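Right, one structure below, let's go through it.
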Amino acid sequence: MMIEVVNLTKKFKKVNAVDQVNLYIEPGEIVGLLGPNGAGKSTTIAMLSTLIPPTAGDVFLNQQSIIKNPVALRKILGVVPQEIALYGELTAQENLKFFGSIHKMPKKKLEERMEVVLEQIGLQNESKKKVKHYSGGMKRRLNIGVALLHEPKYLIMDEPTVGIDPQSRNHILETVKRLNEEFHTAIIYTSHYMEEVEYIAKRIYIMDKGKIIASGTKDEIKSILSSENTILIKLERQSKEFVNVLLQEPTLSNINVNETEISFTVSKDMNFLPTLLTLSNNSGVRLKSFQVEEPSLEDVFLHLTGRALRN
Amino acid sequence: MIDILKTKFLLLLRKPAGFIIITIIICTFAYILGLGQQSKMPIAVYSDLDQEQTEAFLLELKEIPEIDFTLYDEEEAIEMVKDGNTDVAVHLMEKKFELIISPSYLDAALLKNQLNRIYGEFTQQQAIIEAYDDNPSINVEEIIESADAQPSFQIQYLNFSNDGDFVWNPKLHSLFGFTLFMVIYTVANGVAHIVMERRTFIWDRLRISAIGKTEVYLANVIYCFLIGYLQVVLVLSIFYVGGVDFYGGFGKTLLVVIPYLLCIVALAFFIASVAGTSGRFNAYISVLAVPLAMLGGAYWPLEIVSSKAILALSYVSPITYGLDLLNGVTIHSSSMNELVQPLGVLLFMTIIFMGIGINVMEKKEQL
């Protein structure tokens with residue numbers, strides 16, 4: 001049961017929020033949807049979740065259009081929204097019971113699933129507390145738990161770690177990985193945190209301004225920058241003269257200066273170290289360290305759009 | 001649908017402050033404006049009857065609880081009305097009475113009705129006493145009771161509003177007016193849940209669940225209606241038990257308030273669809289409810305309003321029709337035919353507001 005998105009487009013007045021997006025999700029895989037705020041990720045997900053109809057294009061489940069027949073997908077789909085979609089005045093148990101009941105789950109089955117889910121999200125000891133008294137991380141975990149009650153085969157997670165502490169963030173990432181490994185739940189994970197997507201997703205789609213600008217496995221995407229190396233050097237002291245010399249060097253690009261740390265990209269074919277040593281000697285500044293860095297998804301995004309992911 | 005309703009009521013139980021506060025406000029205002037502050041209204045009485053008859057008559061008149069009848073000379077009584085010390089003077093005569101009324105007095109028809117009843121009973125009593133004057137063993141009260149139990153004629157006053165007089169009971173008016181006005185806020189609180197749920201994705205969770213969209217809307221409509229109805233029943237029952245006279249129409253008031261509440265639910269849905277956010281929704285409700293109450297006659301009866309513009313605008317307020325229905329089944333003893341018009345207008349408004357409201361909500365969801 002594969003989900004295929006074909007030429008999905010959503011226009012709001014004259015703005016193309018999502019423009020001719022094509023992607024697919026196979027059973028049991030984690031797919032990352034990476035992009036800055038306003039890239040069109042949430043709109044894509046809303047269409048994928050059958051919440052809003054596309055202006056053009058379609059989504060297929062086993063080659064059946066879910067725009068025409070959304071019920072088939074809804075049965076096997078869980079959605080974790082970006083917002084905390086819970087009743088603060090109710091306890092975790094009461095929330096789970098309500099959101100389970102709207103999936104028309106038999107009472108006994110629902111009670112069993114509630115216990116399993118509470119264990120999965122690590123809230124079994126806090127289940128009788130009102131949600132409004134939970135920390136941000138606990139609310140996020142329950143937000144995920146609610147989407148897991150009816151054992152969905154596909155789980156869509158829209159920025160599930162926004163605004164929480166690193167510990168809760170790790171807990172959520174581990175939960176996502178465990179869900180995929182133990183229960184083979186296919187997960188579509190959207191985020192603007194590239195390290196999260198890089199950590200959990202096998203395949204990645206990078207979105208910007210409503211379009212998919214790159215896709216593939218992590219290595220495939222990073223190979224976009226395979227012709228270049230990112231080099232990070234540390235100086236003994238700050239030197240404006242040395243920076244000026246680097247800026248005038250035609251073989252370097254993407255030069256970033258942060259006090260004594262300087263990063264730049266240079267062609268992989270070029271051995272730049274001797275040149276660098278000569279330039280530093282001429283400027284009268286000593287190099288403390290020299291490091292060749294692997295390109296990150298952030299670098300790829302910067303390369304493709306000329307902007308940083310979190311701008 | 002039942003699960004949604006259960007959860008909504010559970011949420012109300014967890015946070016009942018709004019509901020309780022509004023209920024207390026209705027009771028307090030209805031009491032202060034209609035019941036509590038009213039001391040007995042003074043009415044001057046002067047009489048052409050002999051002293052014995054006059055005293056007997058005064059005893060009967062003092063049975064009317066809200067009015068303080070005091071005997072004066074004719075000149076004194078008329079002077080009191082002229083000076084505005086009393087609104088009414090009653091002139092007791094053989095077999096009839098006269099009312100001298102100041103132009104500002106609104107309850108003339110009601111008072112006339114009460115006096116007619118007492119006059120009728122009193123003259124009947126006097127006639128029986130005179131007829132059985134020679135037989136002291138006859139108990140007049142027994143004869144009257146048996147005559148009441150088996151009357152020769154059954155006379156039913158279905159309506160006394162056709163005589164052109166304006167009939168008004170300030171107690172009931174303030175009770176009905178404030179109930180219909182304040183219940184708007186209770187219903188709006190229920191609808192505000194929907195606005196909040198739509199903003200926080202809870203609504204979307206419902207939409208992609210196994211429950212149909214119609215069920216979701218229906219559950220919310222029923223919930224909003226029920227909390228409003230519960231409040232109205234509670235408030236009216238408190239005053240009914242507290243001794244307010246509903247003119248035998250208490251049960252009917254609980255029925256005729258249903259179309260009004262449905263209309264308010266529909267209106268709140270419409271406003272929610274336009275507002276989009278909780279903040280805007282609350283602002284729109286606050287801005288709309290007071291004018292609707294003023295135009296609908298919740299604070300004062302529309303019959304005393306002379307402005308044609310305000311009277312014309314009153315037709316757009318559901319409170320106008322809600323009050324028509326409530327007054328109709330109580331003080332006016334209206335027939336079903338007379339209730340059809342306000343009933344029809346309320347149902348029409350319900351369909352229009354609900355239709356537009358749900359359509360706009362759905363359209364906005366698609367965006």
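Cβ from N, Cα, C; glycine included.
According to TrEMBL, the domain 'ABC transmembrane type-2' annotation covers B:137-364.
What TrEMBL lists as transmembrane segment is B:12-33 (among others).
If you look up TrEMBL, you'll see B:175-196 (among others) marked as transmembrane segment. Same-chain neighbours of the transmembrane segment (B:175-196): 8, 11, 18-19, 22, 25-26, 29-30, 33-35, 202-203, 220, 223-225, 227-228, 231-232, 235-236, 239, 244, 253, 257, 260-261, 264-265, 268-269, 271-272, 275-278, 281-282, 285, 289, 292-293, 296-299, 319, 322-323, 326-327, counting only residues six or more beyond its ends whose CB sits under 8 Å from a CB of the stretch.
Positions annotated as transmembrane segment by TrEMBL: B:217-241 (among others).
Sequence-distant contacts of the transmembrane segment (B:253-274), counting only residues of its own chain at least 6 positions beyond either end whose CB sits under 8 Å from a CB of the stretch, comprise 176, 180, 183-184, 187-188, 190-192, 194-195, 221, 224-225, 228-229, 232-233, 236, 246, 281, 284-285, 288, 318-319, 321-322, 325-326, 328-330, 339, 343, 346-347, 349-354, 356-361, 364. Per TrEMBL, transmembrane segment is recorded for B:253-274 (among others).
The transmembrane segment annotation in TrEMBL covers B:281-302 (among others).
Remote same-chain residues near the transmembrane segment (B:343-361) are listed as 198, 217, 221, 256, 259-260, 262-263, 265-267, 269-274, 318, 321-322, 325 (criterion: CB distance under 8 Å, separation of at least six residues from the stretch ends). The feature transmembrane segment is assigned by TrEMBL to B:343-361 (among others).
Away from its own ends, the transmembrane segment (B:281-302) comes close to residues 106, 166, 168, 173, 176-178, 180-181, 184-185, 188, 191-192, 195, 268, 271-272, 274-275, 310-311, 313-314, 316-320, 322-323 of its chain (Cβ-Cβ under 8 Å, at least six residues beyond either end).
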